[in-house]
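Listed in TrEMBL:
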{"type": "ACT_SITE", "residues": "GLU266", "note": "active site, nucleophile"}
{"type": "BINDING", "residues": "PHE84, ALA85, VAL86, TYR89, ASP174, VAL175, ASP176", "note": "UDP-N-acetyl-alpha-D-galactosamine binding site"}
{"type": "BINDING", "residues": "ASP174, ASP176", "note": "Mn(2+) binding site"}
Amino acid sequence: MHLNIKTTGGVLLLLLLLLLRQLYHYIFQSYSGFYKQPCIICSRTDVMTVTPWLAPVVWEGTFNPDLLDSIYKPKNITIAATVFAVGKYIRFLKDFLETAEQHFFVCFNVHIYVFTDRPKEVPKVKMAPGRKLVVHSVPSSKRWQEISARRMEFIQTLIKENLQKHVDYIFCLDVDSKFHSRWGTESLGGLVAVVHPGYYRDDRSRFPYEQRPESRAYMAPGEGDFYYCGGAFGGLLQEVYQLTKTCRTNFEEDAKKGIEAAWQEESHLNRYMWINKPSKVLSPEYLWQDSKSRNPEVHIIRFSGVVKNYAEIRPTV
Ligand SMILES: CC(=O)N[C@H]1[C@@H](OP(=O)(O)OP(=O)(O)OC[C@H]2O[C@@H](n3ccc(=O)[nH]c3=O)[C@H](O)[C@@H]2O)O[C@H](CO)[C@H](O)[C@@H]1O
Ligand SMILES: [Mn+2]
């Protein structure tokens, strides 16, 4: 009995000490000394973790999320996300917003900008403190290509007119997708691109780049690093401003000549990333497709496009 009291007392004391340690971490947001020692001779060997221009490629197992959060938390940063829900695509918004609450920069300041032609149909989603939703009206369109491509123009204008003083980083995302796991501070960088899940094992000759030299999105044979997604990109506000401005101008110059690039703004984005190398590359964990079975190098799916009936959902002309 005597021993039992002693043991229980000891356990309680230990628990108290552990609790105090956690509290200390919580208050000072400092993990110094308490995280797993980095191992300079160990790394993932099944995937590329740094590009030939020395940008990190983010895969599960290459970073410590708590350590990264503890670095960014004291900076009190704000991350914006843009998402377009025009026409029938409004139906994807609820899941997008609800899953973003669970996985996208949890515990950080997040401002989500929704662009829609149906502002009344924007779902009411409860958001945590520090997070908010802002709705902007945009015109409807008869062509899905135009909706998709004009995003560059709207994002450029949004940054110029509304975000300069309030936001540090921005991500521009497709709405027909859901978050499934953490998407956080590990994704922050100057200019950030996501490798497209459909082509990352292919030779560059198979990438669906724009192949007509008349287009400003033209990529010559032998050019190109990776094929990047139009459905997710981001970075520092000023970097994304330059990107959207350039892609918008090039898209409009093409249009004057009656050219529309093979994959609209995605083609222009790929041209931009070829000239201006991204400072961080996100693996296809950051935009998978529900219709695609998972490959062994993909240990976790963070964000994924839902299966949709294109013929039913897109406007027809
Ligand atoms: C995963 C990925 O990289 N997807 C890209 C891909 O096809 P996707 O098949 O993913 O394109 P999509 O139909 O999702 O259209 C792109 C986005 O435009 C918006 N939208 C589109 C049509 C519409 O009627 N209403 C509306 O709101 C919506 O936010 C949607 O998520 O190629 C497109 C080329 O144009 C874009 O580059 C997409 O980002
Ligand atoms: Mn999409």
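Just so it is clear, glycine is given a Cβ too, placed from its N, Cα and C backbone atoms.
Note: TrEMBL annotation is automatic and uncurated.
The model shown is predicted, which means the values in this text are computed figures rather than measured ones.
Considering only the binding-site residues ALA85, VAL86, the Cβ with the fewest other Cβ atoms within 10 Å is that of VAL86. Mapped onto three states, the DSSP output places PHE84 (UDP-N-acetyl-alpha-D-galactosamine binding site) in strand. Contact annotation for recorded positions (PHE84, ALA85, VAL86, TYR89, VAL175, GLU266) versus ligand 2: none, no CB falling under 6 Å from a ligand atom.
When the alpha carbons of VAL175 (UDP-N-acetyl-alpha-D-galactosamine binding site) and the residue listed as 'active site, nucleophile' are compared, the span between them is 15 angstrom. Around TYR89 (UDP-N-acetyl-alpha-D-galactosamine binding site), a 10 Å sphere centred on its CB holds 23 further CB atoms from the protein chains shown. Here the recorded positions are ASP174, ASP176, GLU266, and the one with the most other Cβ atoms within 10 Å of its Cβ is GLU266. Cα of ASP174 (UDP-N-acetyl-alpha-D-galactosamine binding site) to Cα of GLU266 (active site, nucleophile): a distance of 12 Å. Same-chain residues with CB within 8 A of the center of the PHE84, ALA85, VAL86, TYR89, ASP174, VAL175, ASP176 CB atoms, the UDP-N-acetyl-alpha-D-galactosamine site residues themselves not counted, are VAL83, ILE90, PHE92, LEU93, ILE147. In this structure the C-alpha atoms belonging to GLU266 (active site, nucleophile) and PHE84 (UDP-N-acetyl-alpha-D-galactosamine binding site) are separated by 15 Å. Max Cα-Cα distance over the annotated UDP-N-acetyl-alpha-D-galactosamine binders (PHE84, ALA85, VAL86, TYR89, ASP174, VAL175, ASP176) is 11 Å. Secondary structure from DSSP puts GLU266 (active site, nucleophile) in a helix. Every protein chain considered, the tally of other Cβ atoms within 10 Å of the Cβ of VAL175 (UDP-N-acetyl-alpha-D-galactosamine binding site) stands at 23.
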